[in-house]
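Listed in TrEMBL:
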type	residues	note
DOMAIN	200-626	domain 'Anoctamin transmembrane'
TRANSMEM	208-237	transmembrane segment
TRANSMEM	243-261	transmembrane segment
TRANSMEM	314-337	transmembrane segment
TRANSMEM	357-377	transmembrane segment
TRANSMEM	400-421	transmembrane segment
TRANSMEM	501-524	transmembrane segment
TRANSMEM	591-613	transmembrane segment
Amino acid sequence: MKVTLSALDTHESSFTPLVVIELAQDVKEETKEWLKNRIITKKKDGGAQLSFRPLLNKYEKETLENQNLYLVGASKIRLLLGAEAVGLVKECSDNTMRAFTYGTRHSFRDFDDDNNDFLSMAERQFIIKHELENLRARDEKMIPGYPQAKLYPGKSLLRRLLTSGIVVQVFPLHDNEALKKLEDTWYTRFTLKFQPIDRIRGYFGETIALYFGFLEYFTFALIPMAIIGLPYYLFAWEDYDKYVIFASFNLIWSTVILEVWKRGCASMTYRWGTLVMKRKFEEPRPGYHGVLGINPVTGREEPLYPSYKRQLRIYLVSLPFVCLCLYFSLFVMMIYFDMEAWALGLHEDSGSEWTSILLYVPSIIYAIVIEIMNRLYRYAAEFLTSWENHRLESAYQNHLILKVLVFNFLNCFASLFYIAFVLRDMKLLRQSLATLLITSQILNQIVESLLPYWLQKKHHVQVKKKVEALKADIDATLYEQVVLEKEMGTYLGTFDDYLELFLQFGYVSLFSCVYPLAAAFAVLNNLTEVNSDALKMCRVLKRPFSEPSASIGVWQLAFETMSVISVVTNCALIGMSPQVNALFPESKTDLVLIVVAVEHMLLALKFILAFAIPDKPRHIQMKLARLEFESLEALKQQQMKLTAENLKEECREGGKEKAP
């Protein structure tokens, strides 16, 4: 029998704070009271049935500066019922993975009525977020106290409060004790070891755990490339036609590592329960707007926006803007080549050591300019994609990723393609590739981790002094934690992290036969990247909400596309080698045809390998098939039971009609 919230007492007078809601300083009291009531009211009456209290009581607000900060939590029963509502999948006592239900809770492994750790803190915070986001307007026409903030039935209250500026932010709190344990096993000791991926998942959720899992896997996958590439560099094999074996190895390597990752990813996400988690109907994203109407699928009232208007915005505004940015990127690239020619001419005229160092300056300046352009374009791409008014968050992300990847690919690799296939200067290609790779890695480490950590450390000292100066009888530890965390930067997702790895994969795979040392530099960078990213997640940024994920999503396709391009690039470079050209001294047409034929054969081999290596291990396939079979059997039993009940009802009705 399905257990409902109304049948259970989910109230707790004291609760563990899980989520913080910060309101604007000038929010009216009637709005606060309305929001509080909607959060604590029972589900059957349109509330979230959560626990809610201000961070400071009335006396403390008079003593301290007024902070509109509120703590949200939930009772154990409420969280378990929430776990059922969001479809969390947990491991049963018979080692199978099943969707959690409160009625069958005792059949799940590690569940006990006295055990508060059955749900991880990340899962509990995800449930709170889900419940807050699903608070919907009923008969309200506006937010109390704010007549301009209109509401309509079914509108998400939290999203309306955020877009109206009434709610400043909603963020989950760190668990300092659990965080310290995680840090001790993760990054505080700089040793070569595997990351505690399961612990990262338990604290931050599947999406972030998958990123760190992929980062670790990609780093280890680069080690064979680095080991094979080092002798080519150390023994000064300058003739790049001798790198044919290395390039051939790279073609197979780039395919195999991506296919093997899919298998490892499937094993991890099955263990975490997200591989078999049912996909929920996707709600409109917060920034989506349009004329109020009825959604033909859900029957709910929501904004509707004609798709042809969106297509016009994409093709008449976004596409020309992206093309203009690509043209500007090529223009900057030509300026870089003018600088290279100037530096080379200066060195040939003087021949001094200073001018030999000067040869690297144009590449360093160009690498810095590339990073600046990438970041500026990112802001423009976000604005344009938001302006296109996509209904779903997934559509928004796909269009944003496409825009950013196209520009970043051209911006980072256009100069290398130009040097390789137009100038045909392999020495300059090697120099440019090394400079771009190393400079971008150093800049990313400084901008993404070191600078934010220094700023956060400075702010932490200020908050500590402020709290120590307080004489009020308050929970200073909790107050300090909340005030400190609310000023931390917000983690914007794994987009930039995957983008950095994507570009690194391009540097390693596209021109590996020219600069085999690229893989070694990538390994060194990633070893520090693991620790700097871990530091950023734990100490620099707010804790992000957990997001269930079954894979790395569209990035898998992006990496596979890059590996296809690398096959074409390396085949062309091998075809341009003096050794291969010597085999066809008279007919270049034959050379081109043979190179194209080999390239097609290698692409065919690549796709055969991708097909031959299953995306999921055999034991995972069997478990998924078993789950599907049991689900169908359960559905069949349910239908048979319903049919039997209907027949009984018809027989009873027939008996009544025959009775005199």
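Numbers here mean position along the shown chain, with the first residue as 1.
Here the Cβ of each residue, glycine as well, is placed from N, Cα and C on the backbone.
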Among 208-237, 243-261, 357-377, 400-421, 501-524, stretch most in contact with the transmembrane segment (591-613) (C-beta, under 8 angstroms): 243-261
Intrachain neighbours beyond the transmembrane segment (208-237), with Cβ under 8 angstroms and 6 or more residues off its ends: 194-195, 197-198, 200-201, 243, 246, 249-250, 253, 257, 261, 264-265, 268-269, 272, 494, 497-498, 501, 505, 508, 512, 516-520, 522-523, 526-527, 529-530, 533-534, 537, 544, 549, 551-552
Interface present between the transmembrane segment (314-337) and the transmembrane segment (400-421) (three or more C-beta pairs under 8 A): yes
Contacting positions for the transmembrane segment (357-377) when only residues 6+ beyond its ends and CB under 8 Å are counted: 325, 329, 332-333, 336, 339-340, 342-344, 346-347, 404, 407-408, 411-412, 415, 431-432, 435-436, 439-440, 443-444, 447
